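For reference, TrEMBL has these:
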DOMAIN    1-148  domain 'Malic enzyme N-terminal'
BINDING   ARG34, ASN296, ASN341  (S)-malate binding site
BINDING   GLU133, ASP134, ASP157  divalent metal cation binding site
DOMAIN    158-403  domain 'Malic enzyme NAD-binding'
Amino acid sequence: GLFISIHDRGHIASVLNAWPEDVIKAIVVTDGERILGLGDLGCNGMGIPVGKLALYTACGGMNPQQCLPVMLDVGTENEKGRVPIQITNFKNVRLILGISVVLISLVLDVQAIDDHKNKGSNQYGMNCLIQFEDFANINAFRLLKKYQNQYCTFNDDIQGTASVAVAGILAALRITKNKLSDQTVLFQGAGEAALGIAHLIVMAMEKEGLPKEKAMKKIWLVDSKGLIVKGRAALTQEKEEFAHEHEEMKNLEAIVRDIKPTTLIGVAAIRGAFSEQILEDMATFNERPIIFALSNPTSKAECTAEQCYKLTKGRAIFASGSPFDPVTLPSGQTLYPGQGNNSYVFPGVALGVVACGLRHITDKIFLTIAEVIAQQVSDKHLEEGRLYPPLDTIRDVSLKIAE
């Protein structure tokens, strides 16, 4: 991959031009500050963009020579991370955004780059896809808001996760036999993943005819300080949108009993957050509770598939972010838990962008992708507990998304 450090500011074009390939169709870029489930890895996070682009090829058929993994090396506080550049105040938002802004400008604003010295950058073009990956929450939202309507870019942690989660919910609704707008959704977590999923759920509810204001009221978020409610101190703008009139509560078991959600989604990487009591209560409130333990890796999962199925007597509709083995119930029925992995989404996005020459990727595209993925789940899959198509069909899924 290509490492760009804070010391490269002012001559990033020459760094980009050192890359041996002239034609680049897709870039995955990270600063390594918020590697999912692992935290701040600094430039040791390069494996993430490399791995994502490998899946572009494996799952979407992208030419690997046209893919560029980029690490923005702005240092790390993590002593275990490799720190070739020590910057005391590296978490300053302006510093991180400045690096990202320079990268995007040099890759995409071809008129501003010298034709000879920046040959590689010039060839990338305005429809070169840039996927932001594993940035800290505040940077992720600001980058997406700033550049989504200017360039061909998306954030997989926000939008990709949202799309695959909503796809699973849409498939689950074929079992519950009701509408998305009938759901009350509670999130354990209020970061990029939770907020991305929440906004896409609201968009899907609006598509069903529910006014946005009413849709927002069906979404509840819990962060490290408890239930997000109006009047609670120090809420970010993103969290404030989903703050409702309610007393402050901190205990998740008590929150679940009070809110009585039909859908419970875990995205906070807190192992065992869905306790026995919570799982049993979800089965008490609902005939078919929808329970998604989406945190990665497996060691961070809110509950296991076996715990979820057995404590709800097989009535839960379960999906996870990590792989779990099939579970055989006392009745003899074997259930195969669905894995809501973003690899169902981003390879198809890349394939569609390259094939169609898209300049911008709107939020509506991710709702369409969710619907397409859900449509690939057969009735037989649902009977087996699967909410996603088999992984061995993922290239077919990517092609459907691109179409």
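Backbone N, Cα and C define each Cβ position, glycine as well.
Just so you know, of the binding-site residues ASN296, ASN341, the Cβ with the fewest other Cβ atoms around it within 10 Å is the one at ASN296. Counting only the Cα atoms, the space from ARG34 ((S)-malate binding site) to ASP157 (divalent metal cation binding site) is about 10 angstrom. If you compare every pair of Cα atoms in ARG34, ASN296, ASN341, the residues listed for (S)-malate, the longest distance is 18 angstrom. ASN341 ((S)-malate binding site) sits 11 Å from ASP157 (divalent metal cation binding site), taking the C-alpha atoms as the reference points. Around the Cβ of GLU133 (divalent metal cation binding site), the number of neighbouring Cβ atoms within 10 Å comes to 27. Between GLU133 (divalent metal cation binding site) and ASN296 ((S)-malate binding site), the C-alpha separation comes to 15 Å. If you take the Cα of ASP134 (divalent metal cation binding site) and the Cα of ASN296 ((S)-malate binding site), they are about 13 angstrom apart, rounded to a whole number.
Following the DSSP three-state reduction, the secondary structure of ARG34 ((S)-malate binding site) is coil. The Cβ neighbour count for ASP157 (divalent metal cation binding site), using a 10 Å radius over every protein chain in view, is 25. Around the Cβ of ARG34 ((S)-malate binding site), a 10 Å sphere holds 22 further Cβ atoms from the protein chains shown. Rounded to a whole number, the distance between the Cα atoms of ASN296 ((S)-malate binding site) and ASP157 (divalent metal cation binding site) is 12 Å.
For ASP134 (divalent metal cation binding site), other Cβ atoms within 10 Å of its Cβ number 26.
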